[in-house]
Each structure stands twice: as C-alpha cells, then as structure tokens.
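Here TrEMBL flags 242-276, 308-342, 343-377, 379-413, 414-448, 449-483, 484-518, 519-553, 554-588, 670-704, 705-739, 740-774 (among others) as repeat 'PPR'.
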Amino acid sequence: MAASDGGCSLPVEVFIQNLTDEASELLGLKKFDEAIVCLRVARELSEYHLGDVAILSVSTLLLSCLVEKLYFETQNDGIKNMIEEGMIVFNQMKILAGKADYDSVVKVYSDLGDAALKKETVADLLSSLVYTKHQAIIYSSSSSSVPAARLFCTRSIRHTLAKKRSGKAGGFGGETLKLQSGIHEIKGLDDAIDLFSYMVRSRPLPCVVDFCKLLGVVVRMERPDVVISLHRKMEMRRIPCNIYSFTILIKCFCSCSKLPFALSTFGKLTKLGFHPTLVTFTTLLHGLCVEERVSEALRFFHQICKPNVVTFTTLMNGLCREGRVVEAVALLDRMVEDGLQPNQITYGTIVDGMCKMGDTVSALNLLRKMEEVSRIKPNVVIYSAVIDGLWKDGRRSDAQNVFSEMQEKGVFPNLFTYNCMIVGFCSSGRWSEAQRLLQEMFERKINPDVVTFSGLINALVKEGKFFEAEELYYEMLQRGIIPNTITYNSMIDGFSKQNRLDAAEHMFYLMATKGCSPDVITFSILIDGYCRAKRVDDGMEILHEMSRRGLVANTITYTTLIHGFCQVGNLNTALDLLQEMISSGVCPNVVTCNTLLDGLCNNGKLKDALEMFKAMQKSKMDLDASHPFNDVEPDVQTYNILICGLINEGKFSEAEELYEEMPHRGLVPNTITYNSVIDGLCKQSRLDEATQMFDSMGSKGFSPDVVTFTTLINGYCKVGRVDDGLEVFCEMGRRGIVANAITYRTLIHGFCQVGNINGALDIFQEMISSGVYPDTITIRNMLTGLCSKEELERAVAMLEDLQMSVGMSIQ
C-alpha cells in the first residue's frame, strides 16, 4: 500500500478511504488480522489529518472487525488483547459522544444507561461493540423491530465470551441466557420472528443451539405452524440443524396433525447420520398414539434401548385410548421389571383406561397397589376417574365410599369430581343428595359449570320435576353460565313432556340466537313431543326443517315419527317413512321394526306384520347387505308383539308355535311373553294350563306382575270361578303387588256377573280404602248389578258415598 500512485500524491482522505475499502474486502474474506492492520493505520491518519467524522467512521469499522474476529477467536490470550484494544477505541468514542454526526451511536450508548458506561466492564464493552456493529440495522428499521435487534445485539456477544471463558462452545443460549438474555425477554410472536430474522442475517451465524432455544419459545406459544415455517427457512439458508431442532420439528408436525411429515422428518434425520434421542422417540410415539396408530408406535418402541417412564407412559396412554388396557398393564409390568418406578401419571393413565373399559374392580385394585406398594398418593384426577367409572358401572355405594375416602386423605374434590357425583346421584333418582353436593360446591367456592347444571336439569326432567328444572335453568342464566346443546335439549324435552309445545318450539328457535345450533337429538326430541300430542304433521314439518338445515335424520328420528303415525293409525305414511329412511341410507334397527309390527297388529294388519317378520328372519339368513332389514334380528319384544297380535286375533295355535320357537332362536321369554300366553290360555278356557304357567314363572326367574295377576283373575271370572279369582287377588296382596283400577274392575265385574252383589260391594269398598279411584266402567258395573237385584236405594247410597268420600261428581 502507498500514499502515492504514479508519483502523484493522493489526498489523505482518499488514501484513508482506500484503506477502509481494502479492510472491508479483507473482512469479507475473513482475513481479520490484515483488515485490522489497515484500519489501525486509517485511524491514526484520521486522528492527525481529519476530523471527528472520519475518526467515527473508521472506528466503527474497526469495532466491527474486532467483533467478527472475536466470534472466530479460540485463544483466551487473543480475546484479552482484542478487549484491551477495544477498550481504547471505546473510550475514544465516548469522548466523541457529543458530535452531531455521531448521534446514532450516542443514542445506542445512552440506551445502555450511565451505570453501564461507568462500569466499563468487559460485558459492557462487548455489548457496545455489538451495538455499534448493528447500529445501521437498528436505526434503519421500524421502531417496533428495534427491541428484537437489541435483544440479539446486546446479549449474544457477552454469552459467547462467557462460554469461551468456561472452555465450552460459544452460543446464544447459555444458562445465563435462560434467565437474563434476549430470548427470555421475548414478549410475543412478533418479537420472536424479528429476533429470528436478525439471527439468520447475522454473520457469523449463531449456533444451532441458539436457534433451538428460539424455536422452543415459539413452541411454548402454541404456534407449531410458525416453528415449521422458521425451520424451513433455516434449511433453505443452509443453517446447520441438529437432533434437537429435528425433534422440535417432529413435535410441531404431530401437533398440526401432519404425522406423515413427522415420520418423514424422522427418516431424514436418520439418513443424515443423527441418532434419535429418547425425547425424539417419545415425541414420535406420542404423535402416533394421538392419531390412533398405536401398533406403529409399538414398532418404534421396540427400537428404543432404554425407554424411560415418560416413554412407557406415553405408549400406555395410547393403548388405553384404543381400549387395549390388557397390553397397557403388561407394559406396566415390564416397566417395573426394567427397574423403573411408575409415577402418578403412569398409574393415572392405567386407572383411567380400566374405568373407561368398565373394569372398575381392577381399577380399584391398582389404586390400592399405588398407595400401599408404590407409596404414591393418588391425586384428584385419579380419584375422579375411579368415581366416574364406578357410577357408570352401577356401583353407586363404592363411588360414594371413594368420594369420602379421598377427602379423608386430604384430597379435595374439584369441579369434575363434583360433576361426576352430581350426575351419578341424578341418574339414580337421588335428587336431594345431588342438591346437597351443589350447595357444598357453593360453600367451597367451586363454581358449577354448564355440565353441572345440565346434569341436574336433565335428571329433574326425567323425574318429571319440570318446575324445578325450569327454576334451575333460570338460576343458571343468572349466574352467567351459557347453556349448551345438552341443556337446551333437556329443557325442550321437559316442555314437550308437559305438552307445552309452544314453549318447546320457542326454546328451539332461541338456541340459534344464542349461538347454539340444534343437533339431531334436538330435532328428535321435538318430533317426539309433537307425536305424543298426536300432531304428527307438525312432526313431519320438523323433519323437513332438519333437511333444510343440512342435518341428516338418524334411526331414532325416523323411528319416533313412524311410531307417531302408527299411533294415529296412519300406517301408509309410516311405511312411506320406512322406505324414505332406507333410501336415505339410514338403517332401521330392531326398535324401528318392532314399532311398525306393533302398529300393524294394533290396526288389524296382522298378515302384513307376519310378512314383515318373515322378511326380518330372511335377511339374517341371506346375509344380504342390500336387504332393507339387513342385520336386524328379531328380539324378545318382536315375538311378544306378534304373540299378542295373534292371540287378539284368536290365532292361539300360531301364537303357541312362536312361543315354542323362541328358545330355538336363543331368546328367553320374559314376563310380557308369559302374560300374553296366559291370556291366550285363559281366552281358550284352559285355566289349568294358565295356572300351571303362572306357577312356573318363579322357577324360571320371572315374577308375575300386576298384569299377570289381573289376566288370571279375568280368566277365572269369565268362567264364573270368582272364588278362584278372589284367591288369586289375595295372593297378589300377599306378594306385595298393589292392585290397580283394572284389577278391581275385573273382580267387581266377575262378582256382579254371578249375582254376588255383596261380594262386589266388599271389593268396591276395599278399592276406595286403598286409594284407587273407580272409573266410569267400574261404577256402571256396580250400579247395573245393584239395579238388577232391585237394590235401587243401595245404588243411590253408593253414589252419595262416592261424592262424599272421593269428591266425585256423577251425573
């Protein structure tokens, strides 16, 4: 280098400019020592010949060069020398702090604060060096990105130095960084993205560990899509990735339900020579299990040399979610054999899986083993799972015992626990205990949610306590709890059962205004309400409304409407609905078929009913998937309907044939079956056989009900054997079965038929004393009997007694 060219002297400023240009080129080639020599000469010349502006320009470039070399320096001595030179330059730049052309650097220094300048520590110096290096980026960018730049500029170099001092590889993410550095100061996604942008533009690039830490921050923001995008940019810029960055990427693909990409990434990292860590395997196992690909997860699991508790638990959870609890338990046993101690989450996973499969016995045993053998205290989540499972398994007292036990052991119920208990009490008709728990929740400052109220409202509606359900609904609204579809469905069901269809329809349309769309259940409930009220045309209109809203009616919807049309005797429309149902791809079930069979029998279409019954049997034999009754097998109810229909038509032999066929079909007759057959025998005056069948019911595990007794009493009375009928009536009382109005009416009519008016009056008086009110037919029978015996005065007295005793107004 020379100050002259061709004998002509160059102006000093031009020579200095040539030096700085050459230094810039050398810096780009990573020839730091040569660049520093050029800049030292340029700075000395600037001090003697030029003003502060030139000194500032050269000093800034020299600082940049020092920083670049620092990144690549490996010897502590070299770092020390550069620090000493940097301090000299730093002090000189502080002297120039008031110059107008130096405002941008001064502003950066002032941001550091006076304390930082006074300390003049190595960390302060290096922070200032990096600030100076990046001043153009900071002050040419928008103000919103300045913090992100500063995060990188102020922190990276000091942690590089800290790492080098400890003899470890430098990086953006040392332990101090986690607590104090830039990544810890990220406030939101924009900060993270800005910081990533500066990192990828920095030279030299931060190490991959720093990028992994930044990606981890974004993962915790629950933005896996952004992480995938950032990782792709890293690969496009050929930023080296490591096993940790690939593991993060796999996790994000799994979170986005992009399992094929996760598997592809796993294959890619192995091809690149990376060895998957336990975290990598566990992450992939979790993704496979979430996507219900547990068998594939098992294959990966067998590749792991030493799985840990988390790995085992992840796979157990996947197995339990698929109902493969036995395999999960086997995995638990292997885990213990491998010397690993199951933790609370491990046990909770298995216990929950057992409860969901209905194996509450094993769940309770494991709960005890957890406490007594492993000495692990179950938490509220585990207890709640057990309580929920016990209620669903019908083990009510055990559920209550566990609920009490957990509190005795210092584990207090949470909202879910209370909901399990309240719904359990409600489903078993124990409303008062559910209400007590609701009050307990209030006392413990546990606010009930929509599940709590919906469970209570639904239970009240089923119990017929519509007024209480409505009160609870309004209390729910007052507490600011927004009803969900289940709540609305229960209320609509309640209104329908009260025949308050206008209120039901109002709530139906209210749902949409509250952002809660009616579902198929909602429509089915409303259709059922209209059918109960014999307003089948309105029910049909609701079915059409379903279609207009894009909802597909299900089997229950169609069956409900078919039942409604059968009830009003409109069999043609009922059959049309069956055809529409089949053509829409909705398969009828046995309830649908039984509904139609019952409708046909009750409307004098026994022949059609029998043909349909044969079609049901044929579909099972043909195994034809296109058959309208494919997979619909006649059940006990089917046979009961047909036996009753045949008996009502006087076809006793055909009814008996069906009855005898039942065991061959694997069907066990129930009480309703016996009642129909006994009725048929009585109608044929085969009372001995009827009595024999009546007596055999107990030996076959069935108890006669009020219908059975009344049927047999009626059979005896019709043939004039009223004393036998009375004996059956007395036996009924001895068994604790309460006679109804039909029973009394049958017996009274029998006594009147044989002219035993006194006996009829005795039965009539007992009827009144038992709190069973006589109907018009019973009163007419009594009056007819009295008048036939010219007992007019007694007839009048009886009427007067009725008016006084039961308040009946008789015309």
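The backbone N, Cα and C atoms fix where each Cβ goes, and this holds for glycine too.
Listed as Cβ neighbours of the repeat 'PPR' (414-448) (distance under 8 Å, sequence separation of 6 or more from its ends, same chain) are residues 380, 383-384, 387-388, 391, 396, 399-400, 403, 406, 455-456, 458-460, 463, 465, 479, 481. Listed by sequence, the residues of this chain that lie at least six past the ends of the repeat 'PPR' (308-342) yet keep a Cβ under 8 A from its Cβ atoms are 278, 281-282, 285-286, 288-290, 292, 294, 297-298, 301, 349-350, 352-354, 356-357, 359, 362, 370, 374, 376. Note: the repeat 'PPR' (705-739) comprises 26 helix, 0 strand, 9 coil (DSSP; helix = H, G, I, strand = E, B).
Remote same-chain partners of the repeat 'PPR' (670-704), defined as residues 6 or more beyond its termini with a Cβ less than 8 Å from a stretch Cβ, comprise 636-637, 639-640, 643-644, 647, 650, 652, 655-656, 659, 662, 711-712, 714-716, 718-719, 721, 724, 735, 737. Residues 309, 312-313, 316-317, 319-321, 323, 325, 328-329, 332, 335, 385-386, 388-390, 392-393, 395, 398, 402, 409, 411 of the same chain lie 6 or more positions beyond the ends of the repeat 'PPR' (343-377) yet place their CB under 8 Å from a CB of it.
Across the repeat 'PPR' (740-774), DSSP classifies residues as 26 helix, 0 strand, 9 coil.
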